[in-house]
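A.B. asks: My questions all concern the structure below.
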């Protein structure tokens, strides 16, 4: 029977999120107390995919007490991350297995979103269950993983808090030097982050993909929703404001709209096949179109992206505690014989949930948790926005006032914009 210390390998995959170092520290410190050896794989699966043991060793670090003892306060990740995807081929998966075996990794902890977890499970499926156990800690500032009891993903609270501060400053700026800011917020498929930042800061409008009734969104509809809101505020003497746009709007756009955003070419994708939403320049495209329509009214519009500056912020207290618990939960799950599982927190308890239980049978991928547009939370956020509602269009005096601000007749205004109440959920 081997007396060698079990080896725990840790890697981060996907984009950074506040709290990554907290998970690394939480897991490492507990494992070291158990007498395990802990190593960190630099840049996710990038070097493991090469299958070259010497290359992997050169990009692997021993995680010791001195290295991790105080890193839970820090943003970023000390072992770096990447979007390398071993699921691209069976050869890449076998390369990863080869390297894990060579380094005698018994426990494999991945920290990332659904792509990272899927990659880890696919690797483990080609190995004996007694040879390696795989656990993942779910991470994304998008908050779109289907965790139980509406538990947020780690990093979301920190990202929302910092995003709120940025938008709050833009709110003051927009009034001080009158203009509209169109703020594009990260969120690949869901609008949790955009809506959270907008509601917390009191932004005048927020548009998320979940509120559109049709399966596909048209660029023209998004333009007109913002345009009508700008005119409504202008009717009240306010030639300034802030509109927050979830970049996930792009994911739901029609092929016609996508070609417009990407300059009549196929949208580029990342190694996991996701559209590179940042390349769509949604806020800039909307700003350019709105200036054509509203420039004669003296409206100034400035596009702004909020995303990368949120990903490596130092975690707020909630995420610092949360991630430490997830790190502990991962090691506890290994000790209790779990594998192919995600570590989640439910009702104050950290526990493993089988990865397969979170999969969408239709796609084979982890289900996306969308914003519940029927919830009270969404209704509260909506009621404080300046968008034109069905009730507004029934108010003839208001319609006349807003139409006049746009130098239009009430009839022309209604014909152009009233249909939008059927485009989005009221």
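Positions of Cβ are set from backbone N, Cα and C atoms, glycine also.
Swiss-Prot feature annotations, pasted as is:
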BINDING   15  diphosphate binding site
BINDING   114  Mg(2+) binding site
SITE      115  site 'Important for catalytic activity and substrate specificity'
SITE      139  site 'Important for catalytic activity'
BINDING   140, 141, 142, 186, 187, 188, 247, 308, 309, 310, 311  substrate binding site
ACT_SITE  142  active site, proton acceptor
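Can you tell me where each of these features sits in the structure?
C.D. replies: All protein chains considered, the CB of residue 15 (diphosphate binding site) has 22 other CB atoms within 10 Å.
Taking the Cβ of residue 114 (Mg(2+) binding site) as centre and 10 Å as the limit, one finds 24 other Cβ atoms among all the protein chains shown.
Of all Cβ atoms in the protein chains displayed, 21 besides its own lie within 10 Å of the Cβ of residue 115 (site 'Important for catalytic activity and substrate specificity').
Annotation for residue 139 (site 'Important for catalytic activity'): spatial neighbours 12, 14, 17, 19, 20, 23, 111, 112, 113, 116, 153, 154, 155, criterion Cβ-Cβ under 8 Å with sequence separation of six or more. In three-state terms derived from DSSP, residue 139 (site 'Important for catalytic activity') belongs to an extended strand segment.
In the structure as shown, the Cβ atom of residue 311 (substrate binding site) sits within 10 Å of 20 other Cβ atoms.
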A.B. asks: Highest CB neighbour count within 10 A among the binding-site residues 142, 309?
C.D. replies: 142
A.B. asks: Around residue 247 (substrate binding site), how many other C-beta atoms are within 10 angstroms of its C-beta?
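C.D. replies: The answer is 26 other Cβ atoms.
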A.B. asks: Where residue 15 (diphosphate binding site) and residue 311 (substrate binding site) are concerned, what is their Cα separation in Å, rounded?
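C.D. replies: One finds 8 Å between the Cα atoms of these residues.
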A.B. asks: Quick check for the class: what is the C-alpha distance, in angstrom and rounded, between residue 187 (substrate binding site) and residue 114 (Mg(2+) binding site)?
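C.D. replies: A Cα-Cα distance of 14 Å.
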